[in-house]
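Presented below is the structure to which this report refers.
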Amino acid sequence: MFAHYGSRLERKCVSPSTQRIEQVYEQVVSRNPGEHEFHQAVREVFDSLTRVLSRHPEYVEASILERICEPERQIIFRIPWIDDEGTVHINRGFRVQYNSALGPYKGGLRFHPSVLLGTVKFLGFEQIFKNALTGLPIGGGKGGSDFDPKGRSDAEIMRFCQSFMTEAYRHLGDRVDVPAGDIGVGRRAIGYLFGQYKRISNRYEAGVLTGKGITWGGSLVRTEATGYGTVYFTEHMLSTRGSSFDGAKVLVSGSGNVAIYAIEKVTELGGTVVGASDSGGSVYDPDGIDLELLREVKEVRRARISEYADQRPSAQYLDARQVWAVAEKTPVDVALPCATQNELDEHDAATLIASGVKAVAEGANMPTTPEAIRALRESGVLFGPGKAANAGGVATSALEMQQNAIRDSWSFEYTEQRLSEIMENIHTRCADTADEYGIPGDYVAGANIAGFTQVADAMIAQGVI
Ligand code: NAP
C-alpha cells in the first residue's frame, strides 16, 4: 500500500536547494526507519519547497528543514485497563508534541489498532502546517493509541480513557498541549478524558481539550466543522472554474464524523452524494444518500454500513475499497475522501478522471497517494490537500479555546460564519501563494509553502531552541 520514496539525488542538474532538501530527506528516512507514512508526509511538503529555499537562504542557514522534521517532544506510554470480564489489557499511548512556534501544541487523538509512532508523527507533521494555515495561534501535535474502541462497552471505553489520561495529563494544559478527537475519538471519549484530567489535576481547565459537550465548554459547530469546512473549501475551488456543488454528483468515502457532515453540507448546497463507505464496505445510492438513515446506522446503532444498504431499496452494497468505483457506474463531479490515509490510489484516480471529476478535496488526512495526486493534477482536476481542505476542524477547536478563555459561548450562526470566513481565507492564502511562486492553481504547493514559511519565520524569530 505504501510507496517508498527513496533518494532523488541521482537525478541530474540539481540546484543547491534541491540538494539540501534531498540530504535532509535522506536523514529523515534513516533516522526514522520503517515510518513510511511519516516519510510520505515529509516528502510531500519537501517537494513544494525548492523555490522557497532559493528565495529564503535564511531558512537553510537556520537549519529549519532539519528542525521542523524533528518533534520537540515524543511521549510513549503504557495504558493498562481492565475489560468487563476482568481481563487486563495493555495498550500503547502516544503524544507527539511537534512544533510550538505558533502556539500550544494542538491536534487530535486517534484510537485505532493501526496506530504506531509513525502514524502519529505523520499526522503531527501535517498538523503543524494545517494549524498555521488557519491563521490562529496554535502549534502542531498529535496523539493516540492502538486501542480499538469498536465493540467495547461504554464502561470499557471509560476505563481506557481514564488510564490514558492518568499518564497523559502531566504533559497537557491549555497553554501547553490541547488534544481533540480524531478517528475513534468522538465526544464520548473526550468526555471521559476531560473528566479524568479534571479529577487528577483538580482544575476545571476547559481549554485543555476541544470537542467537548456543548453544555460543559464545547463549541457549537465543532462537530460539523471538518466536514463543512471541506465542502466550503471545495466550493471556493469550484468557483474558480465557474462551477459549484449545485446539481453536482459527489462521492464521499467514510461515514464517520467528517464524512457525515460533508454529506450534510453538500446536500444543503444542492449536490447529490451517491456513494459513502466504512471500513467494511461501500454503498452506491443513485437517489442520493439518506443522511438520516446513515446517521441512525452509524451514529446511533454504531453498526456497519451494510445495514444502510439492507434498509434502503435504492442502495447497492459494494466492497470496502469500491467507493471510488461508483464513478464507473455514474459520472461524478466531486470526490471527497473522508475516511483514512492512502485510501484513494492511482487506479481510483484514473476511474474518477474517466468519469469526468472536476474536483477532489481531502476531508481525511493524506487519503490520496502521491501517484494519485499527480494523476489528478496532470489531468487538470482541482485538488484540495487535507492541510487546507480539512483545516476547519482544528480552526473551530481554536475558536472553542477562545470561547473557553473568555468564558463565553457563541451562537451556531456566528461560529459557522467564522468557520466559513476562515475557510475562505485559507483558500485565498493557498491560491495567492501558488500565484506568487509561479504555480497558479497548485493548492498543494500553495498550502505547503504558506504554512511552512509562517512557521519557519516564527522559528527564526524565536532563536535556536
Ligand atoms: P471517524 O469518525 O472515526 O470516522 C472514520 C471513518 O473512516 C469511518 O467511517 C471508518 O469506518 C472509516 N475508516 C477508518 N479506517 C478505515 C480504513 N482503513 N478503510 C476504510 N475506511 C476506514 O473519524 P473522523 O473524525 O471522521 O476522521 C476521518 C479522517 O479525517 C481521518 O483521516 C482524520 O485524521 C481526518 N480529520 C478529522 C478531523 C475531525 O475533526 N474529526 C479533522 C481533520 C482531519 P468504520 O465506521 O468501519 O470504523
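Cβ coordinates come from backbone N, Cα and C, glycine included.
The shown structure was predicted, so the numbers you read here are calculated from the model rather than taken from an experiment.
Annotation note: LYS142 (active site, proton donor) sits in a strand segment as assigned by DSSP. What TrEMBL records for LYS142 is active site, proton donor.
Of all Cβ atoms in the protein chains displayed, 27 besides its own lie within 10 Å of the Cβ of GLN127 (substrate binding site). Annotation comment: TrEMBL describes LYS106, GLN127, LYS130, GLY181, SER397 as substrate binding site.
For THR226, ASN257, the entry in TrEMBL reads NAD(+) binding site. In sequence order, GLY181, GLY186, THR223, THR226, GLY227 are the residues of the chain that are 6 or more apart from ASN257 (NAD(+) binding site) and have a CB within less than 8 Å of its CB.
Under the DSSP three-state reduction, ASP182 (site 'Important for catalysis') is assigned to strand. Close to ASP182 (site 'Important for catalysis') in the fold, though at least 6 residues off in sequence, lie GLY108, LEU109, ARG110, LEU123, LYS142, GLY144, each with a CB less than 8 Å from its CB. The site 'Important for catalysis' annotation in TrEMBL covers ASP182.
Close to LYS130 (substrate binding site) in the fold, though at least 6 residues off in sequence, lie GLY140, GLY386, LYS387, ALA388, ASN390, ALA391, VAL394, GLY451, each with a CB less than 8 Å from its CB. Taking a Cβ distance under 6 Å to any atom of ligand 1 as the criterion, the recorded positions LYS106, ASP182, THR226, ASN257, SER397 reduce to ASP182, THR226, ASN257. Of all Cβ atoms in the shown protein chains, 30 besides its own fall within 10 Å of the Cβ of LYS142 (active site, proton donor). Other than LYS106, GLN127, LYS130, GLY181, SER397, the residues of this chain whose Cβ falls within 8 Å of the Cβ centroid of the substrate site are, in sequence order, GLY107, GLY108, ASN131, ILE138, GLY140, LYS142, ALA180, THR210, GLY393, VAL394.
Each of the binding-site residues THR226, SER397 was scored by the other Cβ atoms within 10 Å of its Cβ; the lowest score goes to SER397. Secondary structure at GLN127 (substrate binding site), as computed by DSSP, is helix.
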